[in-house]
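Undergrad: Quick paste of what TrEMBL says about this protein:
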REPEAT    B:12-45  repeat 'TPR'
REPEAT    B:80-113  repeat 'TPR'
DOMAIN    B:234-308  domain 'U-box'
Amino acid sequence: MLGLALLQSQQYREAVKQLEKALELGRGGKPGTYMVEEIWQELAKARYTEWEQGALVRKRQQKDLKELCERLLKEDCERRLTIADVNTAPVKQSLVEIDGVIQLDDDEFSGDENKSDDPPNEEITKLYHQHLETLTQVFDKAGAPDRPVEVPDHLCCKITMDIFRDPVITPSGVTYERATLLEHLRKVGKFDPVTRTPLSSDLVVPNLAMKEAVQAYLDDHGWAYRTY
Amino acid sequence: MSPGVASAEKQAEILKDQGNVYFKKERLSAAIDAYTEAITLCPLIPVYWTNRALCHRKRNEWERVESDCRKALELDKDSVKAHYMLGLALLQSQQYREAVKQLEKALELGRGGKPGTYMVEEIWQELAKARYTEWEQGALVRKRQQKDLKELCERLLKEDCERRLTIADVNTAPVKQSLVEIDGVIQLDDDEFSGDENKSDDPPNEEITKLYHQHLETLTQVFDKAGAPDRPVEVPDHLCCKITMDIFRDPVITPSGVTYERATLLEHLRKVGKFDPVTRTPLSSDLVVPNLAMKEAVQAYLDDHGWAYRTY
């Protein structure tokens, strides 16, 4: 309840800690009591809200910065094009020393040498577009974890299609949500839902590594708490 | 069946065996000639093609390796050796995407047989190397592009800040005065001349500088986040075997719920004792279960963090 109170005053970090403690202690007793389920729901909600807050700030800051950078890059490109136009008006000519006198090198006057490179304008514009592309990629990548997508398949139960809360594995190697699998064994039949090989509840093993994998995903993708 | 056809097949087989002998003695030209003759007699036998490809591989004649392997695959699309050597050849010509596909196919087919054969291990090593190189190429390009862009943006932001500060200085030189209408005449409002109202906001300079620093901070965070997957770090614990401390290749789980590298656990059970290494509860190899979900989790991590192929 301390956790719930802290939620109200928006002290999300503290609230989550209190609710996590409650859940840990509540699970020590008989699993599946209503209390544990309720704590879980509130905990998921608290983590979601904590994430949402941070994500809103990040989104706004990134959006503002990206638009500013796009504008500055465009202006920079235009400035460079202007300078380039000024610089290439006369064809560059080489100077050579002939018989002690510095003069224009007629042999190089063809102008072909200057045209062997890309005209400066094309170079500048090409670079500008490349920068724009990199900018988009960078901001996409930075903002990606905050964008809700489909949770990767391997983190979801094949029956519930939701992200695992308490994953368990069967001797066939398939991982399910514990509560859902146990209910299946009780109500539908004593066989593995996917492989249909015979299965009893005592052969079901907690997939500890997957539990950590799920937590790691939630730490980076707080929006996924919503499906809980 | 006419005797002529039968003897052609027999002859081809003899030539192939000859080629194998030459190969073992490292007489590669002779081996190639023998296989070539066999191919001429019976061009539809995939093994002749892959045997010859192996000779070309030893001589680093990669184009020939590629063409022989492709021919072999036309005849037998499930040839492990053909997929494998084709993959190696494509690596040489830096066609990494294709090379990885071929090596993956070879690994998948190779694993269908008895696990732990030398071939599978070798294919795995080459596949990991190919994926690493593919990642490395992409990462170098990304790093350079991001570095250039970040430096450019930092400079542009700074110049933009300085421009705004200059404009702000120009604008605030005279204290703004309000105009009011008194008895039909517009005049300066002496009551507002105290200047206190203007000072209630942040001076524009501080606002501009504060915003600039915030932009710089966001910029750094954004580029850090975008470049993070390409930066080698420690692979997360839950993706690593507790015994090898390396990222899982073929994770298996015990009844205690702990996940290990398959080969390492089986070796432990054989050589050390029939108990779970971490929990020490009794354990036999038939109770060991493939942790398919973890295998996918590892692959997902590698897809995003190609540098982790190096530890393979």
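These residue numbers are counts, starting from 1, taken along the chain as shown.
Using N, Cα and C of the backbone, Cβ positions are placed for all residues, glycine too.
Give me the local environment of each listed feature.
TA: Note: the repeat 'TPR' (B:12-45) comprises 27 helix, 0 strand, 7 coil (DSSP; helix = H, G, I, strand = E, B).
Sequence-distant neighbours of the repeat 'TPR' (B:80-113) (same chain, 6+ residues past either end, Cβ-Cβ under 8 Å): 46, 49-50, 53-54, 57, 62-63, 65-66, 69-70, 72-73, 119-120, 122-124, 126-127, 129-131, 133-134, 137.
For the domain 'U-box' (B:234-308), the model's pLDDT averages out at 95.
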Undergrad: I'd like the per-state residue tally for the repeat 'TPR' (B:80-113) from DSSP, helix first, then strand, then coil.
TA: 30 helix, 0 strand, 4 coil
